[in-house]
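Novice: Below you'll find the structure I mean.
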Amino acid sequence: MTDRFTRLLGIQQPIIQAPMLGVSTPALAAAVSNAGGLGSIAITGSAAEKGRALIREVRGLTDKPFNVNLFCHRPGQADPARERAWLDYLKPLFAEFGAEPPVRLKNIYLSFLEDPTLLPMLLEERPAAVSFHFGAPPRDQVRALQAVGIRVLVCATTPEEAALVEAAGADAVVAQGIEAGGHRGVFEPERGDAAIGTLALVRLLAARGSLPVVAAGGIMDGRGIRAALELGASAVQMGTAFVLCPESSANAAYREALKGPRAARTALTVTMSGRSARGLPNRMFFDAAAPGVPPLPDYPFVYDATKALQTAALARGNHDFAAQWAGQGAALARELPAAELLRTLVEELRG
């Protein structure tokens with residue numbers, strides 16, 4: 001299955017660098033791809049032409065395959081009353097930094113489902129792979145991508161979601177376990193999160209489905225890769241492992257947190273963005289989730305408020321509200337150039 005997947009993507013190693021929005025860069029993606037893995041960029045939040053520019057920037061750094069990731073969430077609905085209540089709740093936190101919360105919240109991350117300019121751009125640019133998070137696009141759009149040679153990967157957190165991915169006609173399913181850093185890829189968060197671990201989910205999907213399975217969540221070294229492959233994965237997707245690479249855009253505070261004692265503990269929060277995500281706990285995890293918290297607005301409207309608070313805090317040199325996403329294996333992160341890290345992972349896998 002590993003050989004089948006690497007041939008499908010045209011890569012040498014069964015390792016995908018996760019498309020971490022806000023952390024992955026064209027330089028990181030290109031370095032991973034040049035070293036034989038599948039580098040990734042995330043273009044959610046970018047207009048189609050900005051996404052096109054990012055794709056071309058990667059292409060200027062590598063002639064190897066790479067992946068472009070988009071969010072495919074159900075579009076959020078504006079709710080002025082709920083948004084006002086949330087902003088009022090956050091007002092004391094803004095006041096600590098001499099700032100006022102925004103007057104209203106914006107939909108800062110359009111879903112692939114609500115931006116009709118993205119599909120034509122992808123069909124023109126033809127990256128080797130396109131991956132989707134939070135849901136699968138309609139089957140006709142998957143077929144359109146495949147018709148021009150693009151491989152389609154979709155994240156799933158349960159066997160039920162994986163069945164929907166298969167029904168959509170995707171080429172592979174990314175099995176995201178509860179250990180994974182960043183946003184949970186749950187399709188319908190209002191139904192709850194099954195919280196299945198990576199290895200259990202990989203085994204379930206490999207045993208029941210026909211698609212190649214990409215293991216994602218908590219995998220940080222070659223032994224972790226080997227364990228996932230032995231359980232039926234065709235490849236792995238690793239995010240936190242690449243955050244400390246010099247090619248990532250993680251800032252100094254994020255890097256120091258990941259290298260320090262805080263990396264020993266990660267937690268899930270919904271107050272950062274409105275959707276469950278795993279990271280290094282800080283005041284946004286706790287102060288914004290204290291007793292009396294009002295019902296949250298939809299994702300990504302919540303994230304707009306958080307980003308405004310982060311900006312106010314950072315202006316005073318405070319990083320206590322930053323999104324420092326990390327998986328449960330964060331303490332194993334290594335500060336290596338991306339190509340060297342990939343070579344090390346391959347050596348560990350084979351050792």
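Glycine is no exception: its Cβ is also placed from the backbone N, Cα and C atoms.
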Novice: Figure out which of Leu21, Leu113, Leu118 sits with Asn69, Gln176, Gly181, Gly218, Gln237, Met238, Gly239, Thr240 in the FMN site per Swiss-Prot.
Specialist: Leu21
Novice: Can you name the residues of this chain that are 6 or more positions from Thr240 (FMN binding site) yet have a C-beta less than 8 Å from its C-beta?
Specialist: Gly181, Met220, Leu258, Trp325, Ala326, Gly327, Gly329, Ala330, Ala333
Novice: Given a separation of at least six residues and a C-beta threshold under 8 Å, show me what packs close to Gln176 (FMN binding site) in the same chain.
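Specialist: Long-range Cβ contacts: Cys155, Ala156, Thr157, Arg184, Gly185, Thr198, Leu201, Ala216, Gly217.
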Novice: Identify, among the binding-site residues Leu21, Met238, the residue whose Cβ has the fewest other Cβ atoms within 10 Å in this structure.
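Specialist: Each of the binding-site residues Leu21, Met238 was scored by Cβ atoms within 10 Å; lowest is Leu21.
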Novice: Would you identify the secondary structure of Gly218 (FMN binding site) according to DSSP, in three states?
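Specialist: The three-state answer is coil.
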